[in-house]
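Annotated features, as they stand in Swiss-Prot:
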COMPBIAS  830-840  compositional bias 'Low complexity'
COMPBIAS  1125-1135  compositional bias 'Basic and acidic residues'
DOMAIN    331-473  domain 'RCK N-terminal 1'
DOMAIN    713-884  domain 'RCK N-terminal 2'
REGION    828-854  region 'Disordered'
REGION    1118-1149  region 'Disordered'
TOPO_DOM  1-24  topological domain 'Extracellular'
TOPO_DOM  123-138  topological domain 'Extracellular'
TOPO_DOM  185-188  topological domain 'Extracellular'
TOPO_DOM  248-259  topological domain 'Extracellular'
TOPO_DOM  283-291  topological domain 'Extracellular'
TRANSMEM  25-45  transmembrane segment
TRANSMEM  102-122  transmembrane segment
TRANSMEM  139-159  transmembrane segment
TRANSMEM  164-184  transmembrane segment
TRANSMEM  189-209  transmembrane segment
TRANSMEM  227-247  transmembrane segment
TRANSMEM  292-312  transmembrane segment
Amino acid sequence: MFQTKLRNETWEDLPKMSCTTEIQAAFILSSFVTFFSGLIILLIFRLIWRSVKKWQIIKGTGIILELFTSGTIARSHVRSLHFQGQFRDHIEMLLSAQTFVGQVLVILVFVLSIGSLIIYFINSADPVGSCSSYEDKTIPIDLVFNAFFSFYFGLRFMAADDKIKFWLEMNSIVDIFTIPPTFISYYLKSNWLGLRFLRALRLLELPQILQILRAIKTSNSVKFSKLLSIILSTWFTAAGFIHLVENSGDPWLKGRNSQNISYFESIYLVMATTSTVGFGDVVAKTSLGRTFIMFFTLGSLILFANYIPEMVELFANKRKYTSSYEALKGKKFIVVCGNITVDSVTAFLRNFLRDKSGEINTEIVFLGETPPSLELETIFKCYLAYTTFISGSAMKWEDLRRVAVESAEACLIIANPLCSDSHAEDISNIMRVLSIKNYDSTTRIIIQILQSHNKVYLPKIPSWNWDTGDNIICFAELKLGFIAQGCLVPGLCTFLTSLFVEQNKKVMPKQTWKKHFLNSMKNKILTQRLSDDFAGMSFPEVARLCFLKMHLLLIAIEYKSLFTDGFCGLILNPPPQVRIRKNTLGFFIAETPKDVRRALFYCSVCHDDVFIPELITNCGCKSRSRQHITVPSVKRMKKCLKGISSRISGQDSPPRVSASTSSISNFTTRTLQHDVEQDSDQLDSSGMFHWCKPTSLDKVTLKRTGKSKYKFRNHIVACVFGDAHSAPMGLRNFVMPLRASNYTRKELKDIVFIGSLDYLQREWRFLWNFPQIYILPGCALYSGDLHAANIEQCSMCAVLSPPPQPSSNQTLVDTEAIMATLTIGSLQIDSSSDPSPSVSEETPGYTNGHNEKSNCRKVPILTELKNPSNIHFIEQLGGLEGSLQETNLHLSTAFSTGTVFSGSFLDSLLATAFYNYHVLELLQMLVTGGVSSQLEQHLDKDKVYGVADSCTSLLSGRNRCKLGLLSLHETILSDVNPRNTFGQLFCGSLDLFGILCVGLYRIIDEEELNPENKRFVITRPANEFKLLPSDLVFCAIPFSTACYKRNEEFSLQKSYEIVNKASQTTETHSDTNCPPTIDSVTETLYSPVYSYQPRTNSLSFPKQIAWNQSRTNSIISSQIPLGDNAKENERKTSDEVYDEDPFAYSEPL
């Protein structure tokens, strides 16, 4: 009927005819009939197949099964199945675009789909109610396209495993509702738009096509193409439906409410609906259209809220963070990469820009692998004048070129100390270094490393150069080194930390001791080139002059030997034999860089009579340009020093005594040879650490037998947390400072590790060459294990924080350390019945909590915290009433007393290493027992554990200062008179013994608030600072100086608080790592054997004091008897007068 009606029309006169309802129904019903009939057929077939399978299972081998398994039929069936399988595999390869033909096929289908959609756009310009005649050239083209779609649909149908699931797929529905109407149009010789708008859903395959064409490669481009395809396909499809129903009207009203709306207007309406903004100029009038708009609005809320902001972010990030940094000539900048997070960036900027915000002209370029978060963006905006963020990776040369790393002053690599896998973090940062060095070998690198054993890879990079400023900041090495120094010298951990912590928060304490502590926190380690007028003078002379005239505390210098193979490096408190040369770098403890510039400006001519430090400025006189210092100037300087000494001491200067440096050096060598005669083969090849043969783990593992207690005394207990799966923390870095060779073998304290045997077994291969180390399997949370280690008589208990766990709460990372501190702190020890010398009533305990009014004391504890904000838990256990109410760790009472440590401040060392890497080298030397970057360059790792080759190398390695804590009354400091102020003590100890005093450890004066007699640290007191009789003094003590006086044996037993005291050990064993017996044994007290002979030189001033024979004999008699030869040599030395030989000093290593 439809065909007859169409044939009666004249095509030339009526190219666009009106489509009747019957024609439109024919187009739509063809699609619905195809869809539902096919679905019903598939369902019926599946039901029949399942029934047959079920019947075969019930009946077993039936007639049908016999037919398939019989002879020729069975073989033909197998061949057909094989052919079908191969055919199906080929089709799947084509459809998955794994082959070139398959890729062409997929791309062709997408292109033809877009072509069919374009034809729909062209035909949509005609009214929906009209039908196109076959004279329209687009109809045959669209018919060809749909014929190809039919072929592709058949291939997909045959390759589908689940036919029903395939039939209900979106692409299948698109084909079913667009292909059949095309063939109906061929039969009716007319075409109608119908549901052809569904072809727009093929746009969802746009990301796949672009990936096949390799047009997109990055994740951002893939994400953007996916979002774009979703939005476009949704808009075009929804606009097509609105265009259809609005132009056709509601079917039950027979189109009476229809409106003439173009496809463009439909898209406009859909976009306005998607943005949830309706302008009202174009609206839906039909019920179907309005119902669709209601549901589409809900879907638009999800679409617009989720996808549009992400697209805007992609566009914004692309413009903001993917550009290149323009390196301007004359503009300095650094590149920072690695762990770019809110915490790391905040810590770095705070330290890099501290106190210099108006002076810094160095820009910071952050190279981050992920776009910054909103919080991080806010930080960058706050420091907009200094920071730039570039999105990229240090592993890619293209990104390194974008940040112009070859023009940067340095490249700083930040590590994440709280990561769960520290080894992986180190390896990734080392790979960044390798990438940067391969890109530009001259770029200066400063890298943070978490585990010390990963440091060895960096110097092996061919372009790594220590001399140009390449540096390594090892968290494990420094952190555990600080804790080890706190175990050796109570309070030293806080003393050293305060020199590198910058406090910007102003606190106004009321108590006097708090004011002293906070004022001392202003002192920092600063460097300055020394004035050429100091050339030719000894270090004690320069240190004394700087202290008295400039109020500067000089503690170390950078020494460069005149010989090619001589020692070059930093020396702490060098002996008088070391002479200051021109352009020597000095290390000071001072408050501001302005103060230390006085050491550069000092002129022996202009400042000869100047006694006010502020008046020592750059004089600019001609004498400063002289190449050599003249004798009159030296004499003038000596005369000035005499006057200052008399002014300070209030006494006439002692008579001048000259002695031969060569003879003193020989005597020192003889004395040391006697001291190390028994263990000269027990140091490593560098002479820096005590060494022993590898010891098996079983031999040092302490067995628990009943209620036994090992008779350790004056030992160090280290509480370790971890299991077999925990990352190693590098306990070797904790042991090395405790086994430094500048302590004699008798001074070494036993180390007892309490922890999991599975964990400590993994660490043991790095510890088995160190003597006197023991392992007690157990847990520090169990008091029974603590008692077994005889913790009551230990000199210090270090509670080490456990290795970080994956996805751990930052507040809970210190749970074990806090609970262990609580357990150990609750131990009450009866001091009246304790035979240990650690209970001294004459000298109150520095951290042992002993009180004269109480018979109980507490175990000295040093706790490590990973999260500094957890300090308030430790403050509650401190035993001090009215402590500093601060959440800042470095303003807490626990920190001021030296009972807590956190490595969080190590982040600031990046800025320190960039501005002045010499300060970092000094810190490494102080906390690691003498290891510096210069030593690491020359030491072969395989030889570190070897035996020292000779006594000469041994002595040169050992002959370095050690940090100690001395009493004003029970040590040789009692010979300093007067000693009422710190300035008098400094000059006297330096003159008499070469001991450099750097700080105080004072008892908190409020006794009612300090029942345990805790002490606090005072860093670099003022020259006029009044001393108290109970003060302990932080000192840099020469190796050849013994510090203890013992007129009677009982006095030594009263000196427990004096650090560097001889270790109280059990009876001597042939094996140094043999654990002490459980039974009680007779204990022997040892005292160090050193020379008391004063060091003198030709440029003598009040420090040169003649020691009479009776005093020498008195001092010598207080020590363990020397060998006959050593005694005779000592007596000879004390009576002789020598001339100076400046080259007799054996340079320290």
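Note that Cβ sites are derived from N, Cα and C of the backbone, with glycine treated the same way.
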* Paired segments the transmembrane segment (189-209) and the transmembrane segment (292-312) in contact, 3+ CB pairs under 8 A -> no
* Check the topological domain 'Extracellular' (248-259) for me and report the mean pLDDT. => 78
* Could you give the number of helix, strand and coil residues in the topological domain 'Extracellular' (185-188) as assigned by DSSP? -> 4 helix, 0 strand, 0 coil
* **Tertiary contacts of the topological domain 'Extracellular' (283-291) (same chain, 6+ residues out, Cβ under 8 Å)** => 242, 245-246, 249-250, 257-259, 269
